[in-house]
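Peer 1: Please find one structure pasted underneath; my questions will follow.
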């Protein structure tokens, strides 16, 4: 937990003065189906707000030795254009996470300590295409990040759906700005939260120094694999 705290502090200081190299689109499409969930992120009415359970689970693990998992040589191969499992973390430490697991629900941000009970719902894979665009696929549900209204939802993956395609614009410090191909806007989350969760919005892409559109691709939070093995 101490290492995680120092990592977040390091990311925050590194983020302060970076400027993104924004992809400049030629045109945009504004048509999208009304899903009946409103246009801005709204907490799911029938879902408990996580946090306390996650913290209790972590307290129980305090002092335990976590076993190292050796990769299975017989495991199915991953396509070259598909990343290893990752976490996507904001500059303020919020991980992109599925709260309500049913497709076509909003995607949220939770800190590692508050999202432990979500399991693999906070882990993703990035699928890259030859034109530089990507799809961001959730590890637990197999659904994909999709631009919708003023925020982002997760839905059944469809590589032909422009709302599920993203450009990753790099800041000088190698953080990324996540830009929707269809909406031409970028993922943003407040740097200060007043609730357990962070709301994730789509807003005009910043072209100058900022914090709230900076995201970091990291090893899966709290369950990292070793970088290499020594026999």
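In case you wondered, yes, glycine gets a Cβ from its N, Cα and C as well.
Quantities reported herein were computed from a predicted structural model and do not represent experimental measurements.
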Peer 1: Ranges 75-86, 87-98, 99-110: which does Swiss-Prot label region 'Mediates binding to target cells'?
Peer 2: 99-110
Peer 1: With the ranges 20-51, 116-147 to choose from, which does Swiss-Prot describe as region 'Disordered'?
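Peer 2: Result: 20-51 is the stretch Swiss-Prot calls region 'Disordered'.
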Peer 1: Cβ under 8 Å to the region 'Mediates binding to target cells' (99-110), counting only same-chain residues 6 or more beyond its ends: which ones?
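Peer 2: Contacts with the region 'Mediates binding to target cells' (99-110): 35, 37, 41-44, 47, 50, 90, 118, 121-122, 140-141, 143, 145, 151-156, 189, 196-200.
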